[in-house]
Structures are given as C-alpha cells and as structure tokens.
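Read the structure below first, then the notes.
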Amino acid sequence: MGKVGTMEYRITLEQANRQTARYILWPVLLLAAAVFIARLSHWDFSFWTQAHAWGLGPWLLRYVMWLLIFVAVLLAGVFVHEGLHGVAIVLLARGGWRSLEFGFDRKTLSPFAHSRVPLRAWQMTVVCLAPLVGLGLLPAVAAVMGGSVFVYALSVIFIVASGGDMLYVGMLARYAKGRDWVRDLPDAVGFSLEGSGKEKEKE
C-alpha cells in the first residue's frame, strides 16, 4: 500500500487480491469453521439421509442440480455485489443516478461500480460495506439461525469476496476522517483525499 503524491492512497487490484488471501481469507474461514462446529447439531443435514431413501442415482441428480444452482448464485452474486455498491452510491452521492458509473476490469475480469463525484469518508465506508452486509453478514446470520448449510457456504464466500472492500475501509479509517471528501479511484482500490469537511463543505 502506498501514498502517491500527497493526497492519493491506493493499492492495485492485484495487490488487493493478494492481501485478501493473506489477511482476510484464512481468518474468515477459521471463524466460519468455528461457528459451524459450535452449531453442528443445528445444521440441516437431511440431504445426506435422503440418499438412502431415494437411491444414489436420483440423489446425485438432485444435488448436481443444486451444485449448478450454487455456481449460478455465485456468478450472479458478482453482479449483485456491484449492484449493492451502486445502490449505496445512488442513495448517498450528490446527483443520484448521474453519479453512478459501472465498468469492467479486464485484468481481473470483474465488474465494478464507481462514483463520479466525491463522497464523505463515512459515505464511502457505507458504499464499501453494503455488499459485505447484504450478501455476507445478514445471510450468514440467517443461515446460522435456520440451519441452512447451502446459504451459510454462500455467505462465507461472499464475505471473502468483500475482502477488497474491507481493505478500502481500512485505508479510509487510516487516512481520512469521517467528514473528509474522498474521490474513488476507478482503476485501483483507493481514493484521493479531496479536502476536509471544514475546508470543502458541500451538500
């Protein structure tokens, strides 16, 4: 992570992926495993017992279909993730929809949502955390309460997929104050510091 010039803070998308693997992936997996084991008696494992009642062939056919659904949800989740960023930008940015831009990074083969206008640091934090909460934390809580292994596995994957957003929030916490104006960088994980809340009062 580096500081470019005097007011810009960024890491590349490739660096974000490496840091996510190093600092976020394993802690999340260990915590998820601990929660899974702690709630072991509450999970719904009926899909295993159904193999005896249905026979192996029909059982495998059904769960191959579930596996395909799982993969489809993961792929859709990539776009929903950016959509949640976009919804937060529309709700918080000056100009609403006019402030929102979607793009596609060819190096990482991933879509992204970007705010064309500066946001307060606290607003950018909300934008960053929207997918983590909407696709990760809330479904994880629901899965733990309801005993759904399927939803729990998806939620853990989506939490890890929010690793870059968590790194972004860490940068905001380190380099910007809540009411500072920050401008998102479309080609990296980071922002330029546009001015403090006192220096640049805009609404």
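For all residues, glycine too, the Cβ spot is worked out from N, Cα and C.
Residues annotated as transmembrane segment in TrEMBL: 21-43 (among others). Residues 140, 144, 147, 149, 152, 156, 159-160, 163, 166-167 of the same chain lie 6 or more positions beyond the ends of the transmembrane segment (21-43) yet place their CB under 8 Å from a CB of it.
The transmembrane segment annotation in TrEMBL covers 63-92 (among others). Only residues 6 or more beyond the boundaries of the transmembrane segment (63-92), in the same chain, are considered here, and those with a CB under 8 A from a CB of the stretch are 47, 99-100, 102, 110-113, 115, 119, 123, 126-128, 130-131, 134-135, 150, 153-154, 157-158, 161-162.
As annotated by TrEMBL, transmembrane segment applies to 124-144 (among others).
Counting same-chain residues at least six beyond the ends of the transmembrane segment (150-173), those with a Cβ under 8 angstroms from any Cβ of the stretch are 1, 9, 11, 13, 16-17, 19-21, 24-25, 28-29, 32, 36, 43, 66, 70, 73-74, 77-78, 81, 121, 124-125, 128-129, 131-132, 135-137, 139-140, 142-144, 182, 189-191. Under the heading transmembrane segment, TrEMBL lists 150-173 (among others).
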